[in-house]
Amino acid sequence: MASVFSLPSSSFLCPLKTTRFRTKIQSLHSSPKSLLINSLQLQELDPNIPEPVQTFWKWLCEEGVVSAKTPVKPGIVPEGLGLVAKRDIAKGETVLEVPRRFWINPDAVADTEIGNVCTGLKPWISVALFLLREKWRDDSKWKYYMAVLPESTDSTIYWSEEELSEIQGTQLLSTTLSVKDYVQNEFRKVEEEVILPNKQLFPFPITLDDFFWAFGMLRSRAFSRLRNQNLILVPFADLTNHNARVTTEDHAHEVRGPAGLFSWDLLFSLRSPLKLKAGDQLFIQYDLNKSNADMALDYGFIEPSTSARDAFTLTLEISESDDFYEDKLDIAESNGLGGTAYFDIKLGQSLPPFLIPYLRLVALSGTDAFLLESIFRNAVWGHLELPVSRANEELICKVVRDACKSALSAYHTTIEEDEKLMEEGNLSSRLQIALGIRAGEKKVLQQIDDIFRERELELDELEYYQERRLKDLGLVGEQGDIIFWEPK
């Protein structure tokens, strides 16, 4: 059994703040009417808005994605760039709608020149190649959108070795390195099988750093909770920032509506989850279930004030060398688990309900192994939800506490040292993330250790299987004494 690291997420979710911009600007060709509309819209923008964003906004106006009725606009916000309300907005009010022709997803890739060579690729890889190709092309339909995408974020996949040393010992470091290895392997494969054999479609160099850029953009900006949409970038909508005050994810919808003059199509519709005053920033919730480590990996920020985001993944495994491996595996699978099980433990919350029964199952041995017999198969999980024997309970406490102590020893600082650094302030954004992650993980590990330390102190007071069985048979009295029946 071990508590090494959690597997990297394979999903790509939601948008991220945009703080760095490309400076390459293309000239615009517009009709007098569209120029009039755009000039009115541009007058509403903060003059400090970077020029690429103003150009992008002008393009959205020309394409009819933005109109005078659109109640939000780009603005300079504490996160960098975001969307702010032009007027008061009611909770649940639709704030933007983006027609399907402006979505970037695998279907959009399939309709381009590289569609055929991307057939059979993982969806995210095909979209990544599309982004890199469109970023390179001067005549790209998406050039104004590409110009506002950041060159990087504070996601840990972009950290230097020195910066990564600040999360030494954390599960986030292990996950980050695993993700980087995964992306590198996928790049080598697609380079050999797709990019190099199709130089006419990719007549420009694509490096591993370029591929990481595209991966990071998808990981941080893509919406994946729409019906029938596993991966979708939505220009304009992805300027929306995250805020912990939003406690629902029910803000993005796929609807049918007007998508141009005399045309109807699917629209990406975004509703405000909060009531806003004019000038307030529009926020959404990126993901309620992600831990701070997930947030740091995907989006490049954490919620230091939200303790429920601090988590540690305890990884448990039924050893294949276990004499009862097949029986234990069968019981685990019958209850929705497997030979390896991952339990996310959050700060200030109870242990996952299946954690203790699974621990008891893994530790079953000796005289307790009778519970693995087929006659008990339908009822064994119910027995594992309660203490089996003192030896079994003592073993699971020891194993978990040893794992916690081992994990805590891998950090190069204490909780107190981390908190002192945070109090002193004047930290870079990445160091703030590192401090928050390692302090949070250590607090969760300390919480787990405390739970099982208290359990060790209660071992003599717990009621175990044999005692419960004797009571069921009426062979134990109220005081716990064994009843002997005298023959008549």
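Residue positions begin at 1 at the first shown residue.
In case you wondered, yes, glycine gets a Cβ from its N, Cα and C as well.
For the domain 'SET' (63-287), the model's pLDDT averages out at 92. The domain 'SET' annotation in TrEMBL covers 63-287.
Summarising the annotation, TrEMBL assigns S-adenosyl-L-methionine binding site to GLU79, GLY80, LEU81, ARG221, ASN241, HIS242. Other Cβ atoms within 10 Å of the Cβ of HIS242 (S-adenosyl-L-methionine binding site), summed over all protein chains shown, number 21.
Other C-beta atoms found within 10 angstroms of the C-beta of TYR286 (substrate binding site) number 24, with every protein chain shown included. Sequence annotations record features per position, and here TrEMBL assigns substrate binding site to ARG221, ARG225, ASP238, HIS253, TYR286, TYR299.
Highest local Cβ density among the binding-site residues GLU79, ASP238 belongs to ASP238, counted as other Cβ atoms within 10 Å over all protein chains shown. GLY80 (S-adenosyl-L-methionine binding site) counts 15 other C-beta atoms within 10 Å of its own C-beta, drawing on all protein chains shown. Cβ neighbours within 10 Å of ARG221 (S-adenosyl-L-methionine binding site), excluding its own Cβ and spanning all shown chains: 26. A sphere of 10 angstroms centred on the C-beta of ASN241 (S-adenosyl-L-methionine binding site) encloses 23 other C-beta atoms.
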